[in-house]
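Asks: Mind looking over this structure? Questions follow.
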Amino acid sequence: MTSSGLRAAAALLLLCAATFAAAAELSDKLRDDSELSQSTAKSFRRLMPVRFYSQVEQNPIANATLTLRSCTIFVPTNEAFQRYKGSIHVLYHITTAAFSKEQLPKSVSSDMDGNPPLYITKNRNGDIYVNNARIIPSLSVEMTNREGKRQVMHIIDEVLQPLSVQKNAKDNINNPDAMQFLQMAEQLELNDFHLRTYRSQVTLAKKESVYQSPGAHTFLIPIDESFKLSARSGLVDAKVIDGHVIPNTVIFTAASQHDDPKTSAAFEDLLKVTVSFFKQKDGKMYVKSNTIVGDAKHREGVVLAEIVKANIPVQNGVVHLIHRPLMIIDTTVTDFLKSFKFLNENGENGALRKFYEVIMDNGGEVLDDITNLSEVTILAPSNDAWNASLIENLLRNRKKMREILNMHIIRDRLNVDKIRQKNANMIAQVPTVNNNTFLYFNVKGEGTDAVITVEGGGVNATIIQADVAQTNGYVHIIDRVLGVPHTTVLGKLESDPMMSDTYKMGQFSHFNDQLNNTQRRFTYFVPRDKGWQKTELDYPSAHKKLFMPDFSYHSKSILERHLAIADHVFTMKDLVQYSEQAGNVVLPTFRDSLQLRVEEEAGHLHDENASHEWTGYVIIWNYKKINVYRPDVECTNGIIHVIDYPLLEEKDVVVSGGSYLTESSICIILANLIMITVAKILN
């Protein structure tokens with residue numbers, strides 16, 4: 001043994017002896033939770049993992065650090081240990097400098113071989129993360145050991161996992177950068193994922209420097225499985241490689257902000273690509289690229305990929321393996337649905353697995369129809385959207401399910417920009433492949449804060465992932481299945497922006513109180529807001545009073561005329577059929593009856609700029625023709641037909657000559673009558 005080796009051995013023996021002779025203050029705390037804090041002692045008894053203490057005690061370097069040096073130690077909870085199945089790397093949880101939560105820098109060097117960094121993220125909510133583990137804020141402890149060295153302990157909710165190397169690895173791999181990670185991928189524990197194809201494209205494009213760049217970056221690397229399409233690898237050029245890197249920002253999944261676009265390395269004057277992370281309710285993490293400004297080789301639109309192995313720390317940032325390359329739009333809508341059925345041969349669920357299963361369980365004809373469309377937009381319900389109990393009852397009804405599935409298909413390329421254009425002056429309405437069935441889009445807010453909703457068959461759904469681009473159209477992922485109502489007539493009125501005036505009028509007159517009754521079946525002809533606005537032009541003084549509480553009796557009387565109550569609902573097809581048979585239809589209302597006739601009429605009832613004609617419905621009432629703007633909006637206790645104008649007579653809105661007496665006026669008259677009567681008696 002050399003003299004330097006003897007000195008090192010002697011030093012190690014001295015450190016071990018010192019450890020056993022006099023334990024460090026922080027080490028004592030790890031063994032005896034009662035001294036941690038009087039206010040948090042019970043919490044620490046529950047949280048402090050014995051397994052971690054034993055690992056520390058068995059590691060001479062960790063013991064020596066606690067005895068002699070300043071340090072920060074990140075201690076996982078018992079629950080974290082129970083979830084974690086891998087090897088525990090104690091030194092990866094220790095850094096040889098003391099940092100309180102406020103003092104933690106963007107990265108610290110761990111005490112593990114090669115000193116791989118630990119990355120610190122402080123998000124908008126005030127949470128602090130070390131790699132993918134959150135620091136539990138109330139359980140940090142600071143003290144001084146017997147050598148006078150400051151030490152800090154933070155409790156975290158996950159075990160810190162360094163880059164894992166295979167047992168039979170040929171090379172000594174310590175703290176590689178992202179390029180070395182790519183080059184040595186076959187020697188790493190990557191769940192049998194391979195990266196040869198993407199690595200070859202990086203080398204071919206001479207982009208090694210991007211992955212060697214010092215600093216702290218996020219690297220998204222597609223696995224070999226994603227290059228089964230033979231031509232796809234040839235589409236991975238230098239710009240696409242740049243689009244897989246988020247420079248100067250380290251994003252671990254637990255610390256990521258939902259759908260918060262980050263500038264990629266492919267962001268310049270003629271090409272602008274952002275990347276963002278989001279999580280579905282089932283816990284799966286996804287990443288998407290959004291080519292905001294494209295060029296001849298890189299089309300605009302969103303590309304969605306699932307993260308199949310996340311949070312792999314490297315010397316210059318973090319790596320996430322993804323199931324397909326970003327930026328590349330090379331699949332049809334049909335191919336996309338198939339690719340998101342299962343993500344690999346092990347049958348892991350894809351983001352649209354249930355949607356695809358329902359299509360195939362109903363014979364697959366819907367998928368054939370989608371394939372045959374040269375331009376198509378799909379509103380694809382997420383896996384969670386199919387869990388509603390009402391949907392389970394419908395799955396056996398193939399005819400009804402076919403209608404519901406067709407309600408999610410549009411014969412057009414409809415991205416968010418196009419929806420905004422249609423929504424500029426009114427709620428955008430778009431025909432589906434279902435005959436006489438329309439979808440109604442509404443955009444609330446501006447920019448990245450905008451929320452887009454779509455209504456179909458009585459259901460309001462929110463687009464949770466928009467503009468997933470394909471070669472022949474778009475896919476928008478929504479949070480509900482259209483056409484399967486889940487709310488009452490009152491719930492629909494309250495939530496639908498097109499019916500807000502009718503809802504307000506019914507509220508102050510208490511007319512709405514009955515509309516939650518699930519023992520009745522309502523057919524409600526609801527004037528849309530623009531219909532009430534037309535009455536303001538026709539009867540300006542009366543319109544104002546219709547929305548005043550003092551005139552609630554008259555408002556209620558008008559609304560009662562619009563509501564049919566029976567043991568079943570009346571669809572527009574029913575009303576057309578009855579009209580053809582009898583000329584007029586008489587519907588039972590609360591006080592009297594409603595007599596009308598319904599006809600089908602071809603024309604551009606919904607969109608004056610439409611390129612195709614379709615059949616709409618017209619109500620003939622009191623010699624007036626009133627267009628049905630949205631027929632057959634289904635609810636759990638009835639059906640709503642949205643009409644272009646109220647069922648209003650001129651005598652309903654005569655307000656002169658004392659025709660309308662307000663409640664206050666009635667009170668004054670009554671008071672006067674009482675006073676006159678009392679005066680007569682006294683006289």
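For all residues, glycine too, the Cβ spot is worked out from N, Cα and C.
Marked as signal peptide by TrEMBL: 1-23. Annotation comment: TrEMBL describes 23-160, 182-326, 339-482, 486-647 as domain 'FAS1'.
Any idea what these are sitting next to in the structure?
Replies: On the 0 to 100 pLDDT scale, the domain 'FAS1' (486-647) averages 86 in the predicted structure.
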Asks: What counts of helix, strand and coil residues does DSSP assign across the domain 'FAS1' (23-160)?
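Replies: Taking the domain 'FAS1' (23-160) as a whole: 48 helix, 34 strand, 56 coil.
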Asks: What is the number of residues in the domain 'FAS1' (182-326) that are helix, strand and coil, as DSSP sees it?
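Replies: Within the domain 'FAS1' (182-326) the tally stands at 34 helix, 53 strand, 58 coil.
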